[in-house]
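In what follows, a structure is listed as structure tokens, so that the remarks can point back to it.
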Amino acid sequence: MSEGLYEKFLAPDEPFPLLSQRGSASEEGCLDVSDFGCQLSSCHRTDPLHRFHSNRWNLTSCGTSVASSECSEELFSSVSVGDQDDCYSLLDDQDFTSFDLFPEGSVCSDVSSSISTYWDWSDSEFEWQLPGSDIASGSDVLSDIIPSIPSSPCLPSRKKNKHRNLDELPWSAMTNDEQVEYIEYLSRKVSTEMGLREQLDIIKIIDPTAQISPTDSEFIIELNCLTDEKLKQVRSYIKEHSPRQRSTRESWKRTSYSTASTSGVSGASVSSSSASMVSTASSTGSSGGNSASNSSANMSRTHSDSNLSASAAERIRDSKKRSKQRKLQQKALRKRQLKEQRQARKERLSGLFLNEEVLSVKVNEEDHEGDVDVLM
């Protein structure tokens with residue numbers, strides 16, 4: 001085969017480039033495709049730039065490209081048959097897989113093995129067309145040529161651990177972090193919303209053997225002291241003695257007497273009006289009396305609520321003031337302890353006080369029998 005045989009493709013701007021040029025007639029048994037005027041085109045594409053571009057064979061599905069000189073020589077050198085009748089029979093069958101286009105070990109064989117994973121050559125991806133026949137046309141959609149690759153299934157999203165409501169959990173069902181968090185929440189709630197008596201009661205519930213001196217400014221709660229039953233008692237005690245519950249209970253006690261009296265008056269007026277049925281004036285008068293009594297009850301209730309809210313605000317201010325004083329005392333105590341530790345460390349490192357001995361001296365004053373005259 002001559003060196004000029006199949007040396008290049010035609011320019012890519014021509015609509016249907018020929019695959020080969022006419023070869024030498026001296027070589028026997030060599031099939032020259034141009035003898036029959038055959039053209040290779042895509043059955044789905046009308047734009048040749050997607051197949052041949054800048055004299056290179058572009059394989060977009062694999063992301064690789066092979067030089068046209070290498071592919072063309074190996075591609076057409078293997079298509080050799082005995083006579084022209086066999087060539088016509090091969091061309092009429094339009095079975096592209098019957099040709100040994102890519103010999104074993106060639107440059108294009110590796111490409112063909114990778115292409116076979118994406119394209120099925122038996123579906124007549126390419127077809128041979130004779131001159132004068134209609135050109136196959138199709139939609140210019142990339143999905144017609146390159147098959148869709150199934151996407152990998154989406155990974156299941158990780159479920160985030162929701163924050164549990166610790167007020168409803170028993171003590172044994174909490175983790176260590178949740179127990180520490182809930183103890184801090186309870187101590188902050190009790191110290192800011194309750195008085196000294198309620199705090200002592202809660203301490204006695206948690207640790208009945210705890211001994212608290214009047215000078216103690218804080219109480220440390222150990223995690224192993226709490227149980228499910230103790231935590232249940234603490235929660236019920238906080239619910240009963242919280243400022244909001246206490247204010248609503250006191251307001252209910254104060255308004256119970258006024259509501260009882262107004263309900264008695266309204267019930268009497270309604271019964272008298274329903275029994276007599278004399279005129280509509282009596283019913284309107286009774287309804288007016290009921291509205292007046294209800295308005296007076298509402299006024300007394302709002303007045304008591306305002307007093308309770310003022311007392312609750314004052315109690316909260318006092319608790320904040322006490323907590324601030326307690327923090328200042330703790331800070332001063334910590335500062336004094338750090339100073340003593342620092343001084344002891346300095347003395348130990350200097351070595352000047354290793355042989356120190358502490359002696360106690362006591363002086364007994366002698367009682368003088370008589371007065372001493374200073375003027376003499």
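Backbone N, Cα and C atoms are what each Cβ position is placed from, and that goes for glycine too.
It should be emphasised that the depicted structure is a prediction, and the values quoted were computed from it without experimental measurement.
Record features, source Swiss-Prot:
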| type | residues | note |
| --- | --- | --- |
| COILED | 320-349 | coiled coil |
| COMPBIAS | 237-253 | compositional bias 'Basic and acidic residues' |
| COMPBIAS | 255-300 | compositional bias 'Low complexity' |
| COMPBIAS | 318-337 | compositional bias 'Basic residues' |
| COMPBIAS | 338-349 | compositional bias 'Basic and acidic residues' |
| REGION | 237-350 | region 'Disordered' |
Surrounding residues of the compositional bias 'Basic residues' (318-337) on its own chain - C-beta under 8 Å, 6+ positions past either end: 191-195, 217-218
Segment confidence, the coiled coil (320-349), expressed as mean pLDDT: 91
Counts by DSSP class (helix H/G/I, strand E/B, coil) across the compositional bias 'Basic residues' (318-337): 20 helix, 0 strand, 0 coil
